[in-house]
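A short worksheet on the structure shown next.
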């Protein structure tokens, strides 16, 4: 199907570009109307400047501005694009001049009389006295800004906000009080999938820990219709619930104090709409094999959305048990964390499913329930029933997930020496799901692309599914059994699960060759942590936006990296394992902080040298960034010096940070085996080690197991380059990749010239392994795209020639048939992806032939999984094949393949299609809105697309933050994708982010974007002349 009007040569057809495309589907209308759905972000004052779309427009050759419909212009970019004129799109500036000039007062004045002087002095004394009285009075002065800082001599009295009914709300903090602790929840939910609503009853049994007159908990978008309260043996009585929407808190206030040690029960009846975003208790749908729309309801509560399904103490430390009852139609089924206990027919024709009370205490974010018509396959592992659920049409794609989960569950049971504590473990593929997966205890939810694989799937596709399953299963111990006390220590959950995901797959599924993938994500974590806008692994979190922003590469990949470094540093083969087992057993069912982990590892220490893990690791978790270790050598004496590796480095950002660095190194005498490793602990600014003078070179950070970057100095880099030129296998492939990553990072820092980078890469003609090759290609492609976006056409051509000269022969050697080796698939995918993106004729023709064969085979021919992205991307550059690919996307059922088709569609360079696919992703009909971050990311890679995408983001910002929470990983991805290739002052001067105010201007991802633009600009300004010379 061609979605464009073939009768119009240049203009987009009205039905594709008019504003009606932005009308909400029924599943988003209520959200748009209900402005109270986002109480955390106050509306701008009327007198504040509102962001307005820019007036500059895209002028296409042969198409005058007047020939374009007004609606056509909405997403058009202000680019100079393929003969398209670039127009200044800065917003109007206020004139700095005024229409009049104030006249200077006369310079002469008469001397004041004595009476006037006395009156003036008396007036000043009175004013000063009143000021002092007001200052020393307790309480607050009445200013526009509110209460000033209180006098330190008087106790602090919080200023309580007003609740929705106009009464004072009795709590004034983001975190809940600790005076009341929930013990158990009894939840009854009655969802109506026809009307997309639900009613519920929550009965919370609580313990009073400290004398108090209030109960404060969370509730968001719930209409509480009745509330009753029972204290100890007293009578049940009705109570009034106060609500403060900006913090999503509700409270019950009493005239008499509840005493520590008492127990009480709060019962809340409420109604709500099913969420139309991807959090809380939300609705989803899919089209079955008969073309019918089937609706379902699922949950996603992490981090702050359990409160959208039931009133609760929605913080990780408030663990409790849960008994859940859900009603459904007879042709549906329900799932929750625990096995179903019984099913009871109701008088209204519905069934009520009751689940066993949880056998463990859980945090609210781990509660889950689903109402759907899914189909399972199951097997028993030890005493646990493992099941994989999917829509009926995709049951055939669940076998691999079941086998993988079963193997990994057995591995974790043995490794942790603590058996998985629940009777069942469900893995469920949800058609609409924003995250990759969610570790709900006993009911893990996934995107279909991260759980379902076909029987003919490539090893790379299976690697992805196995990685996500391994990560979520690790959470059943790290995160579920032992949970961080607060979101500032999210890394205790995510860093551990990420590390265990890679470690477990290396043990259980060695053929998946997961090591290269882990190395690549460690490199990307270093790249992010080199920014001043980064944060410490364990950092302060004080609002919902900051909670969302903790879900980033620092918590995940850096957390995993420092655990890997610690494991490599600790003596003995199993000391790290013993330490984490000690940690899990000691804190089973409890909440922890980072220091608890270090103490557990210290307790099992077997060596005095390593007795204090906390002393070493605190420097890696309590401060942002990582060290740069510089090597200088004089004969046999090697001096190591450390400093903060900070790309934005000036007096304002200088830090005196020091790390306790477990330096590993190898030399030309012995460099490949694990036994070759030598260690040096660098705690201070500098340290010295001794080497035989006969040693020609040394390589620090063996296999990149440490989280730091190394600068070897001119002589050191030259020696390593010479060694690799003589014998590429003198270092492991991880060490070769690490050298490539480090020298590009040092070039970005300004410590080495780009000539030195190119000089090291000369050895690459002999390189054959995946990790060094993919890292080099990635780094060169980043520079290529920056040059392309700057329209440095001559340099773009030279960079293209350089890449093809360096890697062309290896590109030509790649085959286009099935390949079983994962590392060879990774290498082939990277090489051919680069070749086709650089329009290498042979690559383009092979991809076109393979797509044509696939299209004409009626499903009998198959494109190898690692080549599908390359083939679909090439196909999307053709008008005819783009339409064919869109039709395939709408009909194919295999999700991994479908997602690659979507990326292909989004890679088009046709402006009409770019606009269409961005709008389609926002609408959510043909393309699911969950895929919009991927669409934007892919569009931004293209020369034609990145400014279209940037205009689209600015003009639709409010709708984006309705669909994806501020600070969420989706918003982070969108911002980074759109801005990471900007490199001019004009991009910095636009002021879009600052105009957002409460709608996102303070997000860490915004600061990261601005910093990245400045760094790109700095690198380009410094290196453009030298690039012209060296290339």
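Backbone N, Cα and C atoms are what each Cβ position is placed from, and that goes for glycine too.
Your range for transmembrane segment, going by TrEMBL and the list 75-95, 96-116, 117-137, 138-158, is 117-137. The Zn(2+) site is set by 471, 475, 494; from the centre of their CB atoms, other residues of the chain with a CB within 8 Å are 439, 472, 474, 478, 479, 493, 496, 497, 498, 500, 501, 556. In the structure shown, the C-beta of 471 has more C-beta neighbours within 10 angstroms than that of any other entry among the recorded positions 471, 556. Taking Cβ-Cβ distances under 8 Å and a sequence separation of 6 or more, the neighbours of residue 472 (active site, proton acceptor) in its chain are 427, 437, 438, 439, 444, 446, 497.
Packing around residue 475 (Zn(2+) binding site) is summarised by its Cβ count: 24 other Cβ atoms lie within 10 angstroms of its Cβ, all protein chains included.
Mean pLDDT for the domain 'ERAP1-like C-terminal' (697-1014) in the predicted structure: 93. In this structure, the C-alpha atom of residue 475 (Zn(2+) binding site) lies 12 angstrom from that of residue 556 (site 'Transition state stabilizer'). For residue 494 (Zn(2+) binding site), the same-chain residues 6+ apart in sequence whose C-beta sits under 8 angstroms from its C-beta are 479, 551, 555, 556, 559.
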